[in-house]
Amino acid sequence: FIIASLFRSLHSRSTDHFERLSCFIRVINSFQCSPAMRILSAALLAALTCAVYGSFRGEFEPIYNTWNPSEDAILVDDFAHLTQIFHPQEHEEEIVRRKRNVDETARFAAAAPISKECNRPGYTGQYCEFPICESFNPVSDPDQFLRDEGYVIDLTDLGNCTRVHKIIVDETMYDIHIEVQSLENVSPQLTVMDSNGLIGTPDRIVQEPDRYIAVYSVLSPGAYSVQPTATSIDSRCILTTTAQTTLTISGGFQTDERDRSDFPNENAGAHQFNSILLTLHGGRAPASLKTVSVVGPDNYVLRPRVLDKRYGCQYEFYFDSLFCYERGSYALIVDGVDFYGNLFRRVAPFQCVYQPGPTTSSIAPSTPQPNNPTSCANGGVLLESEGKTSCICQDHWTGYDCSKAVCVNSGTLIAGKCFCSVGFEGVHCEQVKCEPHSNHGFGVDRPTLVFVIRARVQQKEILQQVQEAIDEVIANLQFDPKYLSRFHLVLFNDHEVFRSKSYESIQKFDSDLFSYGVNSRDSDGDCNDNVMEALATAFTDASLTQGSTVYVITDAMADDETKYAESILQMNSYWRAAINFIYIQPAPEMECTGDLSDPGFRAFDDIANRFGGLAWNIQDRTKVKYVLYGHMNSILYKSQLMLTVDRDECNKGLGKVIQLEQNTETIVFVSRGRDFHLEMTAPDGTKVKPRMIVQEGIFTVTQWSSPLPGTYMIKTTSDTPSASCNLRAYQSSFHTLSPDPQTETYWAITTDADTDAMMYQPLAGTDNHPVGTTIYAWFNDKFKVFHIEDFGDDVDHSFAFLNMYAVRNGIETEVAILARNRMIKLLQVYASNGLYRGGCAFQFYFPSFRCRPNENLHYEFNLRNDYGFYIQRAGVMTCFNYIPTPAAPTDCRNGGVKYNNETCLCQSHYEGEHCENLICENGGTMVFGSCQCPSGWTGAFCEYPQCPTSGPIPSYGYHADMAFLVEVSEKGIEQINQMMNTLPDIIRDVGSQHTDWIDRLVLIGYNSDGVVGMVDTPMTNPKKFFDTLFEWSNSNPGFETCHVQIWNALDTLLNDRKDGDKKRVLPDRSIVNIITATMPYKKDDVAPLITSTSEELLERKAITNVFVYKNWNAAAVGDIQCGGKESDFDCLNQIARRGDGVMYFLGNGDLARAIRMIPTLFSSSIVYKFHSDDCSTAAQRVVYFPVDAYTQTITAVVSGEGATVSLMKKEGYYYTTFPDDGRVSILEDPRNVVIEFRNPCENDWAPISQSCAYYDYALSKTFQEASDLCESMGGFMVDDLNGDKTYWIGSVLNNKRGWLGLIFLNGQWMWQQDNGNYMPVPPNTAQWTGRETPDGTTGTCAYFYMNIWYPSTCDENYSVICQKHMFNRNNQPSNLDDDDISPGKYYFLVQTSSGAANKGCDVEVRVQSDLNVEYGFVDDLRKDKPHPIANVDSNNNLIVSTVSLGKAQTQSSVLQYVQLRSDDSSSTLLEAATNSLRAGCSFNYFSQPLNCGLTDGKDFSVVMIGEDDTGNTFQRYSTSLCSKWYVCQNGGVYSNGQCLCADYFTGESETNARGRCVRTEVASHPMELALAHSDSLDQLASSCDAYSGATFSNEGKAIVLVIELSENTADAIDKMSTYIGPTIQLMNERHNEWIEKFMVQTFTLDGTDGELRSFNSAYEMETYIIQLVDKARPLPGACQMPIWKALDNLFDSPLAQYLPGSEVLIIAAGVPMDADLAAIHATMEKFDIQTPVVDYLHIETTTCPIDDWSKDLRDFANFLSSTSGVVFRTSHSLIGMAFSALLPSRCAPQRLSYSDPLNCKNNDIFVQVSCSFPSDN
């Protein structure tokens, strides 16, 4: 019967198969047969079911075969919800455990509120949020989940074989199997497509009736879409992806001490809560695991949950907790991010079993310790005394015989061995271990020799010498032929790179150099060429290694340094090849000056210095081989740089130290400098004179062989004043195969002690930790990383020293950093620790430093070896504004990607062929690889506008006031009495929201005559508030009127509150509640008052609600007092809408319920507004809105006849109804519905309106014990503030006595509150026995018994009732407390009555969330004091905004968009804009300008849209309008939104926020006095401040000649001297009393022979100048001269008193030096004090052509123009004429126009002159 029925059912393939199967099993059980027969029948049914329906196969078969094929996956937040049904006891225990954990965490965090340190044992973190494992598990298996096919990468349900799924392929995956499997034979297939829609072709396919496998040997990393298909959609399919990979996970489960145990079980415990413990293998930091989800039986899938971190654990990622609701098979799906930030996924199957197995113990059992050792292990010393022995142990050893290791750095001793925590290793865990290892390939034994050569006919003899030098050096190295076997050649000419090739032999290199270089037939090209492009090509094409050397040989200056220098710096930051530039003097026929001050040579010098090389020139073209051979032969073979010196001035001498180790063979000095001398003192005090190898001009190479080891003193000097010098000192292995290794050092920059090299140059503005390593390089083709143990036995006393210096403001500044390792006791320097890190590629870690952008930092690294000598190595770092190329460079820089092997696709803000150029926005200029931003802009690319000063910090709704404006009339008294029933509860709940929300309570009564009274009291003491309200409720106001003075009451709230003598201002975001039963006075009667109060409330952003009494039972005309209509309240409705509130028309008794929504206004925002003319049909009644992760309450405010409301939440693909136990009805009347939706009260807590109450019938405690219990549960003792509460308390106590939260304090009875405050008992709520308030003599506590309050002593034992508000002010998203509503998409289903006359509805959706938005309007991008309304007269209204979490601004949640919508029923979109970031502003977002014209003069909604820190959308609505910002007073004119004030007026009004152009309040200011005694502004025309006594005259001035003394100016001085007399005579004829004083300031190149002389006559000055001719001729000159220094000497002299208005004439052949910008700026400031006119006669010479120095001269000319001075260019022969023509015209010059003095092309100059302008000028 059973079989026949089953086959009939299965034959129909009905979708209710499983229901029928369950029915069959029930039938079997009903038969009168044996249990064995029943089991056999059930098994037969199951077998037949599988035979017909099929089954999945493979490892995940047990999971998916339990799924109902006809149902979709059931997504749940936690399997724990099933415990309430199947395992209530375990559920209760888990809830208690979680709460205890939360309470303990909070308690320990609160114990140190200032330091924020965690004092809770076993936990760490600022709030004790991170567990620390009790003991470290040393074992984890990276292959734990390895299967034959590899590791499971992904697992998912494909529905009926039609669901597209995305898989992530990471860079570690290969041999990838993508399998789709069907439940029945429907021939499934799949297609794999990449992100570009390209279909991947499998390397192999396996196809069967119920499965399809696509095998790929490799896929490029990225996201791929898998599209399944099948012959039928009636079968379920699953997708499994497996692959081989090195990025794996391992882990398990723990049921005991779940968050601190590090010894997981393989399987989870069934019917238990389990922690999931995981670790990641093969992932380089910062790779990590992020989330875990679980696929379980019966279609259940646990949503992805965030994995938390633990410390001191092998399994550092954990999730607490997973409830295994039944035995069976499950699967973990773990998501993470790899080193590059890309996603990856791994899958791990597991079982839920009853006995998962005991936890592995990590603690060895204790055994008795023996005494009297006979010997001491590990270097311990045996001592004997009085027949007893003992051991004194060495560092890191202990025990009776020193055999027990001491484990440091949280290591754990297990079976005598230290198992180290993450980040440490070693016998005692004493060494830092870097995770991940940098795997830096140093490649020290195979350098590449690179030549970049300009090749043309004119260079033939030069290239022959180069080739000979190279061949001879290589020949010298044949004793080690493999060392130098990699070469690269780049040839270029005439702005073209025509050859770039690598070679493995010197013969092939020679052949190409000869063919394409020496024999070049190209004769084109001039004095400049693309040298830098050729060098950049070498870095792009050459196969470089560390320690490579580059020679650039050219007879042309670079003219492309600005384009390619940055790319070279980036690329060589990785290789750090030494770059040497050899500039060869061009052939005479080229007519090139070859000036070393040329910008092109400066670029050579700068790049060479940054990488430890040098740039030098060879004047004698026949000495190229001599110089190149000497340099290469000295330093090319296995040399190490030990010292770098780059100084602008060497004449004062510089002392340095060089440390030589014991195996140093040769020391080589390479120097460049005019008249440069090197003195060297050996360790024994003798003077050492190195042997000269090369001397060509200012370039030298010297050597000293077989030096003594030790410390050498080096002193560098120069005989030439102001001469620069460069020095490089090398330790060199001079062409011998020594058995001793040479030590190389490499450095990098990191951020943490356990992080290996992260950057290859330091970064400006951050803490840079240098890390370094040393490598011993042998000559037998091997190298070894030099670990600290190679020093010998004294491991713990290794010592490293790092010294860095930079030139700042012309002064060499040193920064010393030490590292010392002794028992991990580290020497502190700059409050940092140095560290030896044995487990890192870069072993030495140093304290951090900060650097300035683009400066060079010269470092010297010293390391003591086991012989006691120091190994010294040196180099140069460059401080970058951004992270340079972090890995071996490619053609594309700055993150660019090569496309089609041709084009670089650049990232944002980069451009150029190789993405080498930075794009600076908003007028920024790229300077040496970084953007220099104009004023008002900042950011790496000048992308962020910057506020000059930050504006006021928004209040975010805290420290506000709450006002109640109540009508004190006959009808109003009824409302007051209603309020009195619930207002005490409300005031208590207001305090429960947050102690910092409401500071003061304001109560204002009003009637038809005006304001009848006001109470303004602190929130902490509301007694007077309640007493006054109670008094009004019992008053007899008399007759009724038809209008009341609501506007006067609002004006009183805004303007008549006092704080002593000061006005008390209503704080922003205060709560204003207007309760009325009567119409306000008509608009025409009080129009100005309506306007002012309405706009001021809007400006204060007050949340305003209006509650109007309306008799719903009366006729349509009589439902409001005096026959009023709803339209009579339009002005109040506008105030409510502008205040983001609502106006309610309420019937009898509704007010008491409606005001219960007031507490939820804390941190409340509107998220959506909706209107429909017909809400009675399904198509019109759905209101969608987003909910963020911080939301605790969702409120629906609905206006509509007979409206009903349901809340729906999106769960996966479906929407589910929000549970009824989380629904709190606030108000439901014929017209209004206010419903709150919250997560329901916890188990054992009963809902009472908006609160939860806890009562245990068996619990009895004293008052203090009861109070402590309630506080420990997050609540407080119950109060009895209304009739509903009285009824509930009486019903649960059931004639028992129970404590009330009442206590007698300071002579009055007070209610406890959860914020620690107390509230007096409101007069209308007391329920005392005998109706008399006790005086405290019979007891200071009180209990409840049969609806009556009784006083009692506090030590009695009574029942305990606790209560707490549903809102939790300490809520955090996804916390254990689960007070937040799950974020995502929701909608309200609103329906009005189909039979109503008005079927429409208005819906306002509010959320109570910690996430809030503050915004305002500004008319300038950098203003940070926004207005609450837009400026109607401005065309530049920007919305500036900020996001807060609680009371503080947050950067983790972002604002994305802003919309303007009409504030009416249509909610029409008027305009939309995006938000962008600003810097230095309190309101850190800004929008594009918005158009007020679109609002048509009406109110509008501002909608802010963003994304919270969990990725969920949030939305905030608010109301604003366009209006005038300012009222211009005292004659000011309003223009484009601003007041243009009349003379003598400025400033803002103190009494009127919009008032501008008010009188400046300055005490005893002459203007004040004049205003006080004048009738009009005309009388003030001649009024001034205090008389200064200043006089103005063009007479009695001085003429100052500032003259350069050098060989370049001697002839010009001689010529000029003959013109001095006639010129001065001409000047006196024109302006007789103009010149009174004559001065001459001279200056020289070295600054030693300059002086200032003063003369009383022109003749004396002329005689002195003639004497200067002979003095100038022998003095050297230069193209740059210390002109600024000469001017500074002039200003600092006593004669500077004659300078104001005088003529200063500079006569020089050089242009100003620009090396010391700080000194220049100081001199420029002195011009502002002395104010002379400065002119410049520039004498052109052939040595210094003006075109080479146009930039420096242009800057100087621009500055002189600010003094009304000019630059006059002339020659030696014309200097006299120029002097006599220029000087007489300088009497009181007034500049009429200005043009570029160095660019006179197409300069039409127009000037305006007066009628009195002299005709001869």
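Glycine is treated like the rest: Cβ placed from N, Cα and C.
Disulfide connectivity taken from TrEMBL links C942 to one of C915, C933, namely C933.
Bond annotation: of C407, C429, only C429 is listed by TrEMBL as forming a disulfide with C420. Spacing of C420 (disulfide bond) relative to C942 (disulfide bond) is 47 Å (Cα to Cα, whole number).
Cα of C933 (disulfide bond) to Cα of C429 (disulfide bond): a distance of 49 Å. For the pair C942 (disulfide bond) and C429 (disulfide bond), the Cα-Cα distance reads 47 Å.
Within 10 Å of the C-beta atom of C420 (disulfide bond) sit 24 other C-beta atoms, taking all shown protein chains into account.
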